[in-house]
Amino acid sequence: MGLEERLPGGILLSTVETVAGYVRKGSLWPATFGLACCAIEMMSTAGPRFDIARFGMERFSATPRQADLMIVAGRVSQKMAPVLRQIYDQMVEPKWVLAMGVCASSGGMFNNYAVVQGVDHVVPVDIYLPGCPPRPEMLLHAILKLHDKIQQMPLGVNREEAIREAEQAALAVPPTIELKGLLR
């Protein structure tokens with residue numbers, strides 16, 4: 001004799017966090033930050049063949065104040081890093097970052113002083129998407145993985161604490177230019 005048997009039909013048992021996550025995952029507004037060839041693949045996901053609109057992303061936002069997902073597609077130079085951080089800070093909460101491509105994830109083949117070796121040294125990244133450039137199907141798969149992550153995210157004070165810890169961990173990692181071994 002469980003609780004489900006005592007309740008009348010049509011009653012849903014859930015938490016506020018689960019319902020909020022379910023609603024939030026279907027209404028992402030991405031801000032495009034296309035810096036290289038990955039941006040071409042990102043643009044093709046909005047076309048009729050891949051149709052990113054079926055996942056609630058009807059339009060790509062040109063302003064950070066109306067976006068909650070930043071897709072960083074391509075390499076980030078040292079001069080571009082403060083601009084990227086400023087755009088991230090202007091985005092509304094809750095916000096997520098997807099590093100698209102090897103250049104955004106780890107600097108790619110550009111291992112020099114002018115390129116940031118991974119966008120996670122500038123902003124906290126939620127999803128890493130490998131490839132050079134990754135196919136649109138891979139971007140859609142990464143967005144679906146982000147949907148799963150969003151649905152399980154905590155709310156309120158718990159979320160702020162999780163974000164603070166992730167940001168501190170990301171900024172504490174040394175850049176690959178300072179690492180020794182096979183990377184150099």
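Backbone N, Cα and C define each Cβ position, glycine as well.
Taken from Swiss-Prot, the feature [4Fe-4S] cluster binding site applies to Cys37, Cys38, Cys103, Cys132.
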With a 10 Å radius around each C-beta, find which of these binding-site residues (Cys37, Cys103, Cys132) has the fewest other C-beta atoms nearby.
-> Cys132
Cys38 ([4Fe-4S] cluster binding site) -> DSSP, reduced to three states, gives helix
Does anything in the same chain, at least 6 positions from Cys38 ([4Fe-4S] cluster binding site), have a Cβ under 8 Å from its Cβ, and if so what?
-> Ala73, Gly74, Met100, Gly101, Cys103, Ala104, Pro133, Pro134
Which are the residues of the chain, Cys37, Cys38, Cys103, Cys132 excluded, whose CB is within 8 A of where the CB atoms of the [4Fe-4S] cluster site average out, their centroid?
-> Ala36, Ala73, Gly74, Arg75, Met100, Gly101, Val102, Ala104, Gly108, Gly131, Pro133, Pro134
